[in-house]
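What follows is a set of notes on a single structure, which appears directly below.
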Amino acid sequence: ANLSNAQMEGVKFGELPFLTEKRGVNCCAYSPDGRDCIFGLDDGTISVYDTSTWTKTRTLQGHKDNVTCAVYSPSGQRIASSSEDNTVRLWDAQSGVPGPILSGHTNLVRSVAYSPSGYQIASGSDDNTVRLWDTQTGAPGPILSGHTNRVWSVAYSPSGRQIASGSDDKTLRLWDAQTGAPGHILSGHTNRVWSVVYSPSGHQIASGGGDDTVRLWDALTGAPGPILIGHTDWVQSVVYSPTGHQIASGCDDKTVRLWDAQTGAPGPILSGHTNLVTGVVYSPSGHQITSGSVDRTVRLWDAQSGAPGSTLSGHTDWVRSVVFSPSGHQIASGGDDKKVRLWDVRTGAPGLILSGHTLNIQSTVYSPSGHQIASCSSDNTVRLWDAHTGAPGPVLSGHASYISSVVYSPSGHQIASGSWDNTVRLWDAQSGVPGLILSGHTGGVRSVVYSPSGHQIASGGNDMTVRLWDAKTSEPGAILSGHTDRVRSVVYSPSGHQIASGGDDGTVRLWDAQTSAPGPILSGHTDGVLAIAYSPSGHQIVSGSIDLTVRLWDVNSGQCLAVVGDFHGPVTSIAWSATPNGTYFVTGCGDKSIRMWQVVEEDHHCYTVNLWWTTTPDTLSVSNASLRGVQGLSAMNMRLLEQRGATCESISASSFREEE
């Protein structure tokens, strides 16, 4: 993109920058005025950030173990923090000077909360109790006993009259905040209660649990309300928006999910963290959400759209396979979300979703007629589908381990599948009846392909070899040796005279399909090659790698013609298509995206690769963007662009404004 001299005040890139910490982030909290945000780390320190620039202003040191929770007082003048060193500590929020140390718990302190008046603190501990403290003197108050296991979370009602606590005993308990007298016991979670919070009105309580759910409760009667289902792991943090209309939950499944607080209806899913999400909080304005994670980052999100990553149009996990239909009008993709998805080639618009596999899909392929699709999965099966209606057909069972590759013969009458049981199996494409078994590999088979004539099969495997087979008799042929690590992908040239193989050794190797003689070695990738494909002319090869790049090669010379970057996950699959309007290839990636690219030959052997369309990415790509003389760029967007690889030296500090 050329954004030279652009006026960018108020521009939204669809995502916000993230902050990097030296240790895992356990909790986060905004100051009441929204000008500061604190994060408790697992090295016992608390980081304080100015939210206008998201720069760190100070570090609070004193705890001797992990900081489990940190909160501001209602006035914003103090901070309270709890730790695995069995204490609660108070701090001056402006200067960072430490105040009283609240000692009394006999085990780890998991949670701390200020009363709305600011005069009292409640803390929950692994000693199975909630303790109350005077915030001015640090003097202990009532001890709330009743839980039969660790207390993970405590919260005051907005009136300050009630306290709620959640525990490993699977219950929430309500208490009188003045006397400590016990109230209702809320039962329903089938595992520990990690987090508990009151709605701003005080009429509702939300809790997150080890049973992967968020549960809503009537705060007055204790009656259960909607159960919010969607997370796939423990829900560690739950919080209401300032208006009370929305709930955000952070989970061990690495996501933050948004929900309608009244109906429990799911909203956007915020994806980006690469490890457990331990804390989530709304800014006082309600416009922004901040989440902290064990991945040592703090991520910022738009509370309405959920950007980044909330509007992914399609796969919700890695895309493992992409392929064009024979007509070139449709693409099929398969991924770790167990779905086969169909797309319009011209616009990228989503079509049918084919469901049935019970584990991640490794490969998808069209029959030569285009009427059928075959998909293979880690559930040890190949499934056949009607490409027009999505109706399921036969399920091909027989492999003893997961199936990594599936392909049709050129006639369309036969299917071959390669598996981690070290075999290639042949099947009747119409009935699904099993045929010959090709045995010889001494490791799992990663890739299998028919020659264009249909007379030969090539397979690549974990034994670092490519093996050739007679497709009719299953007799073994030549063994192509040379790779120094697993062979991930094997493909024939359109003429059938050449074979290309990609391996974990980072190379693409070319072979004569008749004599098995080795040809050029295409070197340049810095990690394993997962996918390779010939152009329809056979003159170029495209390869995708774990190194987050795609490379375009000249087959005859072995020269690298172009490198495409800005992928945010391994490139797992590639397919080519030639149309009257140009030559294109499509990529499937571990960043959940499917992208279509146009290959343009500008001069002899001078190529450019242009993005044609993409499913909504979860990360901004701005490498090589021209940003000279940009005006009005905010400090937050400046940070985001730098994180995403833009060259920003020519943008002076005076050319962007601070965030309000």
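Each residue, glycine too, has its Cβ placed from N, Cα and C.
These figures come from a predicted structure and were not determined experimentally.
Here is what TrEMBL says about this protein:
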- 60-96: repeat 'WD' (REPEAT)
- 102-138: repeat 'WD' (REPEAT)
- 144-185: repeat 'WD' (REPEAT)
- 186-218: repeat 'WD' (REPEAT)
- 228-264: repeat 'WD' (REPEAT)
- 270-311: repeat 'WD' (REPEAT)
- 312-348: repeat 'WD' (REPEAT)
- 354-390: repeat 'WD' (REPEAT)
- 396-432: repeat 'WD' (REPEAT)
- 438-479: repeat 'WD' (REPEAT)
- 480-515: repeat 'WD' (REPEAT)
- 571-599: repeat 'WD' (REPEAT)
Cβ pairs under 8 Å with the repeat 'WD' (312-348): which stretch of 60-96, 102-138, 354-390, 438-479, 571-599 has the most?
354-390
Secondary structure tally of the repeat 'WD' (571-599) (DSSP, helix then strand then coil):
0 helix, 23 strand, 6 coil
Among the recorded stretches 60-96, 228-264, 270-311, 354-390, which has the greatest number of Cβ pairs closer than 8 Å to the repeat 'WD' (102-138)?
60-96
